[in-house]
């Protein structure tokens with residue numbers, strides 16, 4: 001043997017490359033493999049299929065209660081159970097109340113619907129009554145009902161309170177005027193009008209009068225004010241209720257008009273004074289279009305308004 005020749009102790013098992021349908025080939029080789037399994041292992045260790053590794057997975061299981069802590073032993077076991085019973089009872093009562101309130105709301109809605117249906121049927125019954133009764137009798141009964149409702153409304157406590165408050169509101173200014181008059185005018189006779197000689201003495205001052213101050217009674221108001229106050233008081237008592245309301249509104253409107261007139265007068269006074277914006281030079285004056293005396297003539301097809309500024 002030459003030196004270049006390689007010495008092989010064991011033959012190397014090499015497989016030829018072949019492109020074949022391995023699926024069909026594998027199915028054909030399965031019975032042959034079963035037969036060879038009975039025989040002892042072949043010489044080549046590569047023929048044996050490798051073993052699949054076992055996968056260690058966590059088993060799926062549902063949680064369960066522990067029996068050890070299910071019934072703990074303690075001294076406070078009895079009050080806890082009683083508290084739980086009370087809580088359950090309270091919850092049951094609350095639920096019952098809620099259910100009853102819901103039923104009450106439903107019943108109220110049904111009642112309103114029934115009332116509306118009953119009102120819809122009323123005109124038909126009224127027409128039947130009109131056919132059976134005389135129209136004059138029906139009108140008389142209807143007017144009696146209306147009058148009775150008016151009387152009931154006017155005699156209601158809320159209406160009486162409202163009328164009383166409104167009467168007090170309108171009677172306050174009259175009472176104030178009368179109280180002022182009674183305070184300024186005590187129960188005494190009015191002084192007679194002075195004569196001509198007394199007037200002259202009052203006009204011509206003297207030294208004696210200057211040296212000794214006179215403490216005379218206060219001046220009396222004219223008789224016209226008393227008459228006007230008395231007449232307004234009697235007129236306010238005699239006028240009806242609605243007329244007094246209208247008079248009050250008219251008085252308020254008059255006061256608003258007077259206030260507006262005062263504002264307009266003040267504005268008119270302010271308008272007389274103003275700050276001059278221009279300095280008074282000739283170029284500050286604005287020329288109007290009427291001052292332009294020059295007339296433009298048309299130039300062919302061009303209109304005249306294009307030449308104007």
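Yeah, the Cβs are placed from backbone N, Cα and C, and that goes for glycine too.
When 44, 62 are compared in Swiss-Prot, the phosphoserine annotation sits on 44.
Swiss-Prot assigns the feature region 'Disordered' to residues 286-309, out of the candidate ranges 262-285, 286-309. As annotated in Swiss-Prot, phosphoserine applies, among 71, 156, to 71. Other Cβ atoms within 10 Å of the Cβ of residue 165 (phosphoserine) number 9 in total over all chains. Annotation note: residue 165 (phosphoserine) sits in a helical segment as assigned by DSSP.
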